[in-house]
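Here TrEMBL flags HIS10, LYS85 as heme binding site. The feature transmembrane segment is assigned by TrEMBL to 6-24, 53-74, 80-99, 120-138.
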Amino acid sequence: MTYAWIKAGHLIFVIFWIAGLFMLPRYYIYHQEAAPGSDEEARWIDRERKLRNIILTPAMILVWVFGLTLAYTTGAWSQGWFHAKFALVLILSGYHGYMVSYGKKLARGERPVSGKALRIMNEVPGIATALIVILVIVRPF
Ligand code: HEM
């Protein structure tokens, strides 16, 4: 019973986290299309900060807390699919950290990466989610 509740919590916050990761680079793309110093840019900075602080970072922390609890409960550490999933989740967490720091640079008026590069990077969460779901459901190894 407790296990089922922890798994439900895990999946609820996985959805919030991944939804936020889909949205944040999109916001950055629109932000970079606004004129530097404009009111529109100020509105994007505010939206991005709220998305990061209210949804994205709390959701990531809770996914980790519930996920690690599941891993200790089920003994997943000894299974091959979990090693691969863990590696992908580390990459996704690194991507999250990069996107958070990118937003802080944007708020300071820097625009280090082009809109095209952001569009390409925006594919990372989708690809990682597809691979992780295949690993946890199909468990090919
Ligand atoms: C942050 C670190 C994470 C850890 C430590 C973790 C760990 C786990 C563990 C141990 C399970 C239980 C498997 C079982 O029932 O035997 C699980 C279930 C699941 N995880 Fe994660 N997870 C993490 C992140 C994620 C992410 C980012 C996703 C999706 C993008 C995800 C998707 C799922 C799904 C769909 C299940 C349910 C599988 C089932 O029905 O058995 N997890 N997770």
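Residue 1 is the first one shown; counting continues down the chain.
Glycine too: its Cβ is placed from the backbone N, Cα and C atoms.
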On a count of neighbouring CB atoms within 10 A, which of the binding-site residues HIS10, LYS85 is highest?
LYS85
Translate the DSSP assignment of HIS10 (heme binding site) into the three-state scheme.
helix
